[in-house]
Every structure is written in C-alpha cells, then in structure tokens.
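Participant: My questions will all concern the structure given below.
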Amino acid sequence: MNILLFGKTGQVGWELQRALAPLGNLIAFDVHSTDYCGDFSNPEGVAETVRSIRPDIIVNAAAHTAVDKAESEPEFAQLINATSVEAIAKAANEVGAWVIHYSTDYVFPGNGDMPWLETDATAPLNVYGETKLAGEKALQEYCAKHLIFRTSWVYAGKGNNFAKTMLRLAKEREELAVINDQFGAPTGAELLADCTAHAIRVALNKPDVAGLYHLVASGTTTWYDYAALVFEEARKAGIPLALNKLNAVPTTAYPTPARRPHNSRLNTEKFQQNFALVLPDWQVGVKRMLNELFTTTAI
C-alpha cells in the first residue's frame with residue numbers, strides 16, 4: 001500500500017511520518033520537496049503529484065495555520081487551505097485514493113458552552129476558519145472516500161508550543177497574565193497521528209466510515225489553567241521559575257487581528273464509536289510532553 005503524506009515537517013506531519021510508516025510504503029513531501037511538488041501554493045502541481053504516484057491513501061497535514069496573518073492575506077490562505085485541497089480531492093477521485101484531511105473548530109462561531117457536534121451549523125469568525133471550511137466542502141464534494149478530522153489546540157514536543165512559551169516567560173518574569181475565557185482541549189500531534197493510522201486501517205476494511213469527525217483529547221480547560229498545569233509540573237521537576245503571580249484575564253486583554261472563539265469544545269463521540277477508540281484526557285498528553293521536555297532539553 002502506498003501512502004502519500006503532504007506537510008511532512010509540520011507538527012502533525014512529523015508525527016505522521018512515525019505513525020504511518022508501519023502501514024505501508026510512505027512517500028512524504030513538504031513545501032521544499034523537489035522530486036514531486038508538495039507546495040500547496042501550486043494546486044496543479046500537488047494534483048499532478050497525486051496523479052503520478054497514484055497512492056492508495058493521501059494524508060494532508062499541510063495548511064496555512066497562521067491565523068492572524070490570514071486576515072491580511074486571505075487569497076493566499078484560500079489557495080493553501082481550499083483551492084489545493086480541491087485539486088487533491090479531484091485527483092484522488094481519479095486514482096481511487098482515500099484522502100485524510102485535518103480541519104479546525106474555527107469553522108464554528110465559538111459561542112455557548114456545549115461541545116460542538118459534526119452536524120452543528122458552521123459560522124467561522126475569521127479568514128482561517130472560512131478557508132478551512134471551504135477546504136472541507138471541496139473534499140466532501142469531489143472525493144467520496146475521505147476522512148476529515150476537525151481538531152483544536154494542537155501542540156507537539158517538536159518546535160514551538162504554548163507550554164514552551166509559558167516556561168520561557170516564567171523564567172524571565174515574576175508576573176504573567178493568561179486568558180481564562182477560551183475553552184478547549186489541548187491535543188497532541190502524537191495522539192492525532194496515532195488515531196489517524198488506526199482510522200486508516202478501519203476505513204480500508206469498512207469504507208462506510210467515510211465522513212467528518214471531531215478528534216481532540218478528552219476534557220476541557222482554559223489557557224490559564226493549561227499554563228497553571230505547566231508551571232505546577234515544572235516546579236515538581238525542579239525547574240527554577242521567576243514567576244510568583246499568574247493572573248487570569250479575558251480575551252479582550254490581548255487584541256488580535258483575527259477573532260478567536262470562546263468555545264472550542266468538540267464532541268468526539270462519533271469518532272470514538274466508529275473507530276472503537278478511547279481518547280485520553282488532555283492532561284495525559286501534556287504531562288508526557290512536559291516530562292520529555294524537562295528530561296531531554298534545556299528549556
């Protein structure tokens with residue numbers, strides 16, 4: 001089985017390289033690949049990659065994820081998040097391939113306090129959400145064999161993440177202010193990759209699982225409580241911090257070009273039932289990531 005992975009060097013793409021390898025022959029690209037086009041600013045190029053390789057499975061971990069930047073470059077965000085996804089969907093349909101694609105809770109308006117269902121009405125607050133929703137719709141229209149996983153608050157041990165930023169600031173400052181009115185579940189790239197690999201195996205044997213799913217860790221937190229956990233674990237590990245006061249503030253304290261949803265909770269019952277998996281609490285993955293961070297690198 002040939003598996004084509006786009007976006008191999010991103011947070012999720014990096015973990016997918018590990019998780020997908022046992023499933024078959026993994027062919028992975030990113031924007032800099034030269035043998036074939038992996039650059040999503042070239043829709044026809046990535047479609048030609050699909051037609052040339054003729055994979056059984058396509059996993060798309062490439063996206064324009066700079067939420068604030070998307071507000072000032074909506075055409076580019078649309079090109080990456082929707083136009084190229086449509087091109088891949090059409091090419092995948094031609095060669096009979098499955099497409100696994102990642103989307104976001106930002107397709108929702110972010111109000112209320114109930115976890116969003118796959119069937120809830122969408123109403124994006126920003127350009128990023130609009131373009132990701134357009135990508136979803138294109139894939140649904142042009143390639144029946146698809147799995148779309150909406151996720152949120154994604155982190156990974158590789159590269160920058162919220163926890164690393166908080167730890168750096170807590171070493172430099174005695175007081176920090178963190179938002180406490182946005183709710184979601186920090187979800188590890190490791191978890192997304194492992195769930196994706198399992199879902200692919202299920203889909204190959206049960207094609208009727210094709211469709212849209214919500215995929216995040218269990219439980220709910222705020223950025224403030226997330227930060228508090230990071231600092232608690234750091235102190236347990238003997239990491240010296242200058243911080244002595246953590247303040248909770250509303251979203252309005254940090255104005256940004258793109259509006260953020262207050263409610264990023266996603267209901268994952270459909271995913272857990274269809275793929276016979278249990279999604280662990282968000283703290284499990286975060287504590288594991290922090291433990292690796294504390295024991296393998298200088299923060």
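Each position is counted from 1, following the chain as shown.
Positions of Cβ are set from backbone N, Cα and C atoms, glycine also.
According to Swiss-Prot, the record shows the following:
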ACT_SITE  Y128  active site, proton donor/acceptor
BINDING   G10, Q11, V12, D30, D39, F40, A63, H64, T65, Y128, K132  NADH binding site
BINDING   Q11, V12, D39, F40, A63, H64, T65, Y102, Y128, K132  NADPH binding site
BINDING   T104, D105, W153  dTDP-beta-L-rhamnose binding site
Participant: Sort out for me which one of Q11, T65, T104 has the most neighbouring CB atoms within 10 A, since those are the binding-site residues we care about.
Facilitator: T104
Participant: Taking the Cβ of K132 (NADH binding site) as centre, how many other Cβ atoms lie within 10 Å?
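Facilitator: The answer is 31.
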Participant: Determine, to the nearest whole angstrom, how far the Cα atom of K132 (NADH binding site) is from the Cα atom of T104 (dTDP-beta-L-rhamnose binding site).
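Facilitator: So the alpha carbons of K132 (NADH binding site) and T104 (dTDP-beta-L-rhamnose binding site) sit roughly 7 Å from each other.
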Participant: Tell me the Cβ neighbour count for D39 (NADH binding site), meaning other Cβ atoms within 10 Å of its Cβ, over all protein chains shown.
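Facilitator: Counting Cβ neighbours of D39 (NADH binding site) within 10 Å gives 19.
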Participant: Please report how many Å separate the Cα atom of T104 (dTDP-beta-L-rhamnose binding site) from that of V12 (NADH binding site), as a whole number.
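Facilitator: Taking the Cα atoms only, T104 (dTDP-beta-L-rhamnose binding site) lies 13 Å from V12 (NADH binding site).
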Participant: Cβ neighbours within 10 Å, counted over all protein chains: which one of the recorded positions Y128, W153 has the most?
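Facilitator: That would be Y128, with the most Cβ atoms nearby.
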Participant: How big is the gap, in Å, between the Cα of G10 (NADH binding site) and that of W153 (dTDP-beta-L-rhamnose binding site), rounded to a whole number?
Facilitator: 15
Participant: Of V12, A63, the binding-site residues given in the record, which has the fewest other CB atoms within 10 A of its CB?
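Facilitator: Taking V12, A63 as the binding-site residues, the minimal 10 Å Cβ count falls on A63.
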Participant: Under 8 Å Cβ-Cβ from D105 (dTDP-beta-L-rhamnose binding site), six or more apart in the same chain: what's there?
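Facilitator: In sequence order, W116, R150, T151, S152, G184, V216, P261, S264, R265, L266 meet the Cβ cut-off.
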Participant: Near the dTDP-beta-L-rhamnose site, what residues other than T104, D105, W153 in the same chain have a C-beta no further than 8 Å from the centroid of the listed C-beta atoms?
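Facilitator: Apart from the listed residues, the neighbours are Y106, R150, T151, S152, V154, G184, V216, P261, S264, L266.
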